[in-house]
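Novice: This structure is in structure tokens; I'll ask about it shortly.
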Number of protein chains: 2
Amino acid sequence: MPRSPKQLEEHRKQKKKLIMDVALELFAKGGFHATSISQITRKAGISKGLIYNYFSSKQDMLEEITETAYNEVYKNFDLDKDGVLTNEEFIFFIKETFRIVRENMSFWQLYFALMVQPGIQESFSEKYQEKSKPILNQIYAFLQKNGSTDPEGDLFVLSSLVEGAILYLVVAPDIFPSGKMEDKILQACFRLISTPEAPPKN
Amino acid sequence: MPRSPKQLEEHRKQKKKLIMDVALELFAKGGFHATSISQITRKAGISKGLIYNYFSSKQDMLEEITETAYNEVYKNFDLDKDGVLTNEEFIFFIKETFRIVRENMSFWQLYFALMVQPGIQESFSEKYQEKSKPILNQIYAFLQKNGSTDPEGDLFVLSSLVEGAILYLVVAPDIFPSGKMEDKILQACFRLISTPEAPPKN
DNA sequence: TGTTTATGACTGAACGTTCGGTCAAAAGTA
DNA sequence: TACTTTTGACCGAACGTTCAGTCATAAACA
């Protein structure tokens, strides 16, 4: 249809993105199995067959969507890796987390669905753990630096708190007064990481 | 006539429970839409038709399962209602929560799936909120008693922490060293509810 | 003309659901 | 006791429907 090979590739890229965006939204809202190819094509304004010019199967589509989405997510987490996190960087990290979740609600909805029901995408949990490991390691080091005697356990507690809050944000975004709650979670984090002897001045 | 009505009813009750147990497990593991009636009947050792002597539809089955399961869950939460929670009762409450989750893993897996994807069971989230409201109210009062200046916000933070931990417990039960982590969560709760001026002796 | 995107009617498999019918067991009858 | 009647749990083939995926064809460029 278009002209040069360059333009061609560009066009394919855009079409693929359109399909993936629509599919992600429908998968997130209704679930993978409950969403039909026809629904996707209807909403994307394309034909059924075209899907299979871009993806080899519905399953493949899901995998490409999750792969792309969490690459998108994690490329935003480039705190300088060399040193251990400062307090400011930790605050930034938490705020970034909430910002990213708020801007990719559909993905995070799908994320929880795939976490809870691993049968839908076999390797999702493992892949995700792998991707998030460097970040968790930084938090781990941050906890050690802050005098934690059980950084593993404290990391778990912190993760629970943040993941729980994200779950609320995703499940009930209109109940969640996000500005205030972000601050509350941040405060709670500092309460949890500070050693009992020396409470933080923050 | 044939069997006595008493015997009959008892038998029906048991059969229904068998079907519901099997279905709950499969729904939890594989998801509602991905689980077929045939799978359920195969695992329960019954015929396809029998399902429809006990339930009017697959959807109805899901609704009866969730209704029964969370009645089961909440009947165990009978702390004496009159007064405000003591510290000991609060500790008991958290420990009970984890115990109940550990003993009903399948339900809680399904719970998260239905929370994240409300399309599967329309009224689930609302029904669940209604059931859990009295408990949350008790915690709310407990937070007020403990000097919280923002019990609403603190309740949210506490809920996030506990729900996040439960999510971990459900998603990765073998990674979660449950004994230790329960204690950690409990400690974290007390850190969060204590006023900054007067840290708890616990 | 040759190449590639795009279409949508089509297919076979699998799904939830239905229904005519079977059968073990209890109650009635003698 | 032995035979008949009556019940409802139970079965599984078959139904209509929906699904993911296919393919012959057309349209739009080069």
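Using the three backbone atoms N, Cα and C, a Cβ is placed for every residue, glycine included.
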Novice: Out of B:36-55, B:76-95, B:136-155, B:176-195, let me know the one TrEMBL marks DNA-binding region.
Specialist: B:36-55
Novice: Using DSSP, what's the helix, strand and coil tally for the domain 'EF-hand' (B:65-100)?
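Specialist: The domain 'EF-hand' (B:65-100) comes out at 24 helix, 0 strand, 12 coil.
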Novice: Across the domain 'EF-hand' (B:65-100), what is the average pLDDT of the model, as a whole number?
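Specialist: In the predicted model, the domain 'EF-hand' (B:65-100) has a mean pLDDT of 87.
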Novice: Looking only at the DNA-binding region (B:36-55), how are its residues distributed among DSSP helix, strand and coil?
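Specialist: Looking at the DNA-binding region (B:36-55) with DSSP, the answer is 15 helix, 0 strand, 5 coil.
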